[in-house]
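TrEMBL has this to say about the protein:
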ACT_SITE  320  active site, proton acceptor
BINDING   395, 399-425, 451, 501, 552  CoA binding site
BINDING   447, 449, 460  (R)-carnitine binding site
DOMAIN    15-606  domain 'Choline/carnitine acyltransferase'
């Protein structure tokens with residue numbers, strides 16, 4: 001019998017607190033590639049001081065861990081998301097580029113939209129009925145809490161800390177439709193709570209074709225959710241306080257999801273961009289392309305936005321506060337599977353269930369809204385992106401070339417059941433280090449998302465991929481006239497792989513350093529205690545400036561997730577390994593002091609992945625010959 005979330009959720013262990021000694025030891029090891037010798041020697045002294053200063057904080061943190069369901073989760077929600085005042089798109093909200101569909105006209109666009117929405121309704125039925133099989137890592141059950149934090153949820157801006165409109169199992173009976181910047185309400189359940197068919201949804205959406213001729217594009221308000229939070233919050237508060245606007249905001253907040261039907265994209269026939277169509281479409285899913293295109297046809301505060309555009313292009317944008325990417329791709333995989341098997345539509349003349357929401361904008365707010373529009377357009381214009389498919393190998397290569405990167409412990413679930421996945425992940429992470437070193441002549445602090453879902457209410461821990469071993473290998477591979485023998489390079493490569501695997505295993509078993517350091521810093525703040533000097537030290541500042549922000553988000557379908565860089569002079573990189581290819585994206589800001597260039601970095605990454613393949617194949621061939 002397949003177990004479900006309720007049967008094992010309460011048996012999950014609580015998130016443990018690492019020891020000060022282990023965190024101090026690992027901290028020194030992880031910052032070493034980022035420091036020169038003098039800086040490192042100074043850091044050793046400050047870390048020893050940190051161990052002594054932090055003992056009272058550690059005791060307080062251990063007490064918190066005994067009383068809270070998860071000592072980190074509420075801090076993580078508030079400090080990492082709700083209190084931050086930066087724009088949601090690019091900085092926080094990831095997007096997903098879904099496989100291109102076959103439709104090329106508006107009727108096909110709304111057919112796909114209707115099927116996708118109905119697929120989500122079916123998925124919701126599984127969630128509400130507790131019928132989603134529990135995720136596992138090897139044999140270990142994973143926390144399923146995030147699955148219930150996708151649908152029906154909306155973030156609401158406020159001046160100091162945002163709040164969340166949460167899911168109600170008995171509510172959310174409609175979806176909010178955004179089309180030509182207008183907002184519509186579409187019921188997707190009948191009065192008895194039964195989900196409506198895709199036919200009914202499609203026939204209601206057909207009304208939009210008629211409205212296109214009669215409805216002008218609405219006054220822009222969706223772009224407000226793409227603005228800085230402290231600037232958009234006062235405008236929202238004034239708009240939402242107007243009684244005539246209650247229906248509009250209720251429609252958005254209480255909706256199951258937002259469906260964005262886009263009218264046009266800036267595509268590759270625009271000779272001024274020099275970008276391929278998939279990249280430009282990806283920018284539309286990430287931030288809307290500016291108010292000239294679709295940024296105002298979004299509501300970035302909504303946890304789930306389904307975006308269905310022209311010419312077969314579709315995607316997702318999601319608000320990140322409560323859930324990670326793997327949970328979203330599970331939903332999109334299910335909905336895409338449903339779309340593949342959906343029955344043909346029956347055209348009817350039944351009246352549409354669609355109703356338009358009206359917005360009242362006081363004259364005194366008009367200038368503030370226009371200024372917000374200008375800020376948002378300038379902000380999104382600064383984001384550069386490339387969406388790319390590396391064709392030379394994928395997951396099968398990792399399976400076929402069984403690299404020895406660790407002892408095969410019988411009790412090591414990660415190694416036994418996820419071996420090829422983790423080998424390929426390590427290969428990509430090492431390739432990223434080589435690519436960055438080749439382009440910038442140094443290593444940079446690297447964030448890779450590692451899951452803590454083995455623990456109750458677990459979110460993520462940082463996998464620090466910039467290890468000393470990776471730095472040595474990257475430097476060796478970057479020296480054009482280096483005469484190092486291939487077998488020596490291969491040994492250095494394996495060392496880098498082993499170091500990454502070890503840190504990954506530590507991170508997903510709650511033995512990383514970043515969440516522990518965050519906890520110590522926050523417990524000091526909450527108790528009005530002095531923070532350890534380490535948190536003002538150059539090593540900490542450099543370690544926390546992630547010039548590479550990365551994540552593997554695997555999906556069943558041919559998708560790729562997109563998110564922005566974590567530093568002004570850094571890169572964002574997300575990848576989805578396929579059987580014989582790797583989908584990945586690279587983002588960077590155009591205006592920065594770091595010399596970033598997404599196209600050049602992509603070229604370096606492709607070259608690094610290929611060089612690693614050649615190195616593996618050469619040494620695998622030698623090994624096979626030696627056995628003959």
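A Cβ is built for glycine as well, from the same backbone N, Cα and C atoms used for every other residue.
Automatic, uncurated: that is what TrEMBL annotation is.
Mapped onto this structure are the features recorded in TrEMBL.
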{"residue": "320", "record": "active site, proton acceptor", "contacts (Cβ under 8 Å, 6+ apart)": "81, 92, 93, 94"}
{"residue": "447", "record": "(R)-carnitine binding site", "contacts (Cβ under 8 Å, 6+ apart)": "462, 463, 464, 546, 548, 549, 550, 566"}
{"residue": "449", "record": "(R)-carnitine binding site", "contacts (Cβ under 8 Å, 6+ apart)": "324, 325, 460, 462, 463, 550, 551, 552"}
{"residue": "451", "record": "CoA binding site", "contacts (Cβ under 8 Å, 6+ apart)": "137, 142, 324, 326, 458, 460, 461, 508"}
Residue 395 (CoA binding site) CB neighbourhood, other CB atoms within 10 A: 18
Taking residues 447, 449, 460, which bind (R)-carnitine in the record, the widest Cα spacing (Å, whole number): 11
All-chain count of other Cβ atoms within 10 Å of residue 422 (CoA binding site): 22
Secondary structure of residue 320 (active site, proton acceptor) (DSSP, helix/strand/coil): coil
8 Å Cβ shell about 447, 449, 460 centroid, (R)-carnitine site members excluded: 448, 450, 461, 462, 463, 549, 551
